[in-house]
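Here is what Swiss-Prot says about this protein:
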type	residues	note
BINDING	Cys29, Cys220, His245, Glu249	Zn(2+) binding site
BINDING	Lys279	ATP binding site
MOTIF	31-41	motif ''HIGH' region'
MOTIF	276-280	motif ''KMSKS' region'
Amino acid sequence: MGLVIYDTLARRKVPFEPAVPGHVGIYVCGPTVYADPHLGHARGPVVYDVLRRYLLHKGYKVRFVSNITDVGHLTDDADEGEDKIVRRAKLERLEPMEVAEKYTWSYFDAMQALNVLRPSIAPRASGHIPEMLELTERLLARGVAYERKGSVYFRVRSFPEYGKLSGKRLEELRAGARVEVREEKEDPLDFALWKAAEPGHIMRWKSPWGEGYPGWHIECTAMSLKYLGEGFDLHAGGIDLQFPHHECEIAQAEAAGFRFARHWMHHNHVLLEGEKMAKSTGNLVLLHDLLEAHEPMALRFYLLQTHYRSPMDFTWEGLESAKRGYGRLLHAYREVRGRKKTAPPGTTPELERALDALEKAFMEAIEDDLSTPEALAALFAFLPELHKLLPEAKAESLARAEAVFHTLGEGILGLFPERVLEERVSGPLLEGLIALLLELREEARRAKDYEKSDLIRERLRALGVIVEDTKEGPRWRLER
């Protein structure tokens, strides 16, 4: 079938066909690095990581660009307020670039824990001021921007297609615009390409219009065009960036005479108690807290259980359920690896057919607008047949099953790095806890409470602890 994505600009699912055969250029809006990331910041990177992994699996060469916003993102996301990083620098009594560096690495560390591939290029806005100035001067020369008091604004009315991404109309936007706009603006909808620095503003650069700093929207336009060129394949980001950020990006690029992104994808919010997770409101769960307390791959699994275009409601119960579900898949993968070593040679036709069905269902799901919930469902649907066939399975079929688990589960979904397949917990605490559970199981057996006894055994098995009943009593071993 080939990959089909929901294109926000087209407002429908469309075939994803790269402009240059065999090559894909993707730009994803990255974080504004003024605080530690929360769970909402992980959703986009995980989703687009799956897309990237799928394309790599299909043999494409992928240039994946995701920026770091370390200047110009103001506190009200428009043209007023204080730079978010400058504000944090004052609170922490640090230089702005110290703040940016600190939280950039906080973000990268979290992404590494979640098994997200590093971007091909991770450009920082502060390192691309010349490109932004050049683009601003080009817009001025074309008459679609104007300078007032050292600031430069984009003239929205000069771009009739403004609103084509979000579906918003200029008349409606003007009707809802704030009255108390800056005096130097010709129109309330005009947005800043370059801002004159107020006295005492820390982050400032020289420009033809005086010292200042870039507007937020022009940063991504300049960097995406620099590293991916005109008409690159895909621009992606959170649904909250669709307007005004991405709308303004399109206006800037096309008004400057450049062909911009061919496709647009947007992922939905992560919600906590029905409200969007956000640093600005404090309604959040910090990513590092979750990663320290829970298996990172179970957290990644949790994020992939909901389709990227649907809101995701975070609950602790949902996370615990995801941990159990992930444990089932990991257990199955480990069991296949372990049994392969001692299985007799040959193939098992029933297992081969089950693997064929799994691969078909999985790829159909991924190629249908990255339906990761359906892809996971295909893996779970395969498990009963796998467990039924494992005791008699032959080595060649088990080797194929291992390869399929690796390709689908790790290669595309990114859920099974070697660390989780090999990592073992040991020590007195582990041994003591297992001994306690086995003692409770023996008490249940003596009381003929076989349901409870079986439940303890199965729960231990799901955690990778194999219990064997012998004449001398129960023995346990960690699954290999």
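Backbone N, Cα and C atoms are what each Cβ position is placed from, and that goes for glycine too.
Sequence features annotated in Swiss-Prot and their locations in the structure.
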residue: Cys29; record: Zn(2+) binding site; Cβ within 10 Å: 20
residue: Cys220; record: Zn(2+) binding site; Cβ within 10 Å: 27
residue: His245; record: Zn(2+) binding site; Cβ within 10 Å: 19
residue: Glu249; record: Zn(2+) binding site; Cβ within 10 Å: 28
residue: Lys279; record: ATP binding site; Cβ within 10 Å: 19
Quiz item: What are the other residues, in sequence order, whose C-beta lies within 8 angstroms of the center of the C-beta atoms of Cys29, Cys220, His245, Glu249 at the Zn(2+) site?
Solution: Trp216, His217, Glu219, Thr221, Ser224, His235, Gly237, Leu241, His246, Cys248
Practice problem: Using DSSP with the three-state reduction, classify Glu249 (Zn(2+) binding site) as helix, strand or coil. | Solution: helix
Quiz prompt | Sequence-remote partners of the motif ''HIGH' region' (31-41) [C-beta within less than 8 Å, at least six residues beyond its ends] | solution = 68-70, 73, 84-85, 87-88, 99-100, 102-104, 106-107, 110, 269-270, 276-279, 284-288, 290, 299, 314
Quiz prompt | Secondary structure tally of the motif ''HIGH' region' (31-41) (DSSP, helix then strand then coil) | solution = 2 helix, 2 strand, 7 coil
Quiz item: Tell me, what is the mean pLDDT of the motif ''KMSKS' region' (276-280)?
Solution: 77
Quiz item: How big is the Cα-to-Cα gap, in Å, between Glu249 (Zn(2+) binding site) and Lys279 (ATP binding site)?
Solution: 24
Self-check item: For Cys220 (Zn(2+) binding site), the three-state class that DSSP assigns
Solution: helix
Practice problem: List the helix, strand and coil residue totals of the motif ''KMSKS' region' (276-280) as derived from DSSP. | Solution: 0 helix, 2 strand, 3 coil
Self-check item: Three-state secondary structure, Cys29 (Zn(2+) binding site) (per DSSP)
Solution: coil
Practice problem: Measuring Cα to Cα, tell me the gap between Cys29 (Zn(2+) binding site) and the residue listed as 'ATP binding site' in whole angstrom. | Solution: 17
